[in-house]
Amino acid sequence: MATPYVTDESGKYIAATQRPDGTWRKPRRVKDGYVPQEEVPVYENKYVKFFKSKPDLPPGMNPADAAQPKQQQQQKIPGCGESETAGLSKTAKRNMKRKEKRKQQHQSQDGNVDAEVESVRDAAAAATEKAKKIKNLKKKLRQVEELQQKMDSGEIKQPTKDQLEKLGRAKALQDELQQLERDS
């Protein structure tokens, strides 16, 4: 948008303009050679100028030749199977067929695989549960042994009720641990 200038005997003016809200701006006096900020061209360095002036086509290609493939693309019917595979190589077509087969096989085997996966998950979960229980029992037995050693050495002279209960469960813990180790 060019700024309208008014020349008068007292100098050059930017004419009064109306704001979007309906109010009027006063005319402004300017010096000769003044260019309003909105009309000052944006600075572009040499690199930007070079790439803007550079053509989009490869060197030596005729612009008319570049326009032909665009017209051919517009003639293709979207969603039509032949036009989708027409531009693909033999290998790409073969890969597409393989993908389709895999999808069909995966969908048909999906029900069988789900049942197998569930059974494997259940077995793995049971095994990890056993391993956790064995580890927990070994830890409790180790604590019982440490407590017994402290009582034998005289570190603990008066054991608490909880400590006595722990010592009393030692045999039951050993039996449970042996049974779990036999089962696994």
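Any Cβ shown, glycine's included, is placed from N, Cα and C.
In TrEMBL, annotation is done automatically, which means it is predicted and not curated.
Keep in mind that this is a model prediction, so the values were computed, not measured.
According to TrEMBL, the compositional bias 'Low complexity' annotation covers 63-76.
The compositional bias 'Basic residues' feature in TrEMBL is assigned to 91-105.
Look at TrEMBL and you will find 10-36 tagged as domain 'WIBG Mago-binding'. Confidence over the domain 'WIBG Mago-binding' (10-36), given as mean pLDDT on the 0 to 100 scale, stands at 86.
Outside the region 'Disordered' (1-29) by six or more residues, the chain places 36, 38-39 with a CB less than 8 A from a CB of the stretch. The region 'Disordered' annotation in TrEMBL covers 1-29 (among others).
Summarising the annotation, TrEMBL assigns region 'Disordered' to 52-124 (among others).
In terms of DSSP helix, strand and coil, the region 'Disordered' (146-170) has 17 helix, 0 strand, 8 coil. Sequence annotations record features per position, and here TrEMBL assigns region 'Disordered' to 146-170 (among others).
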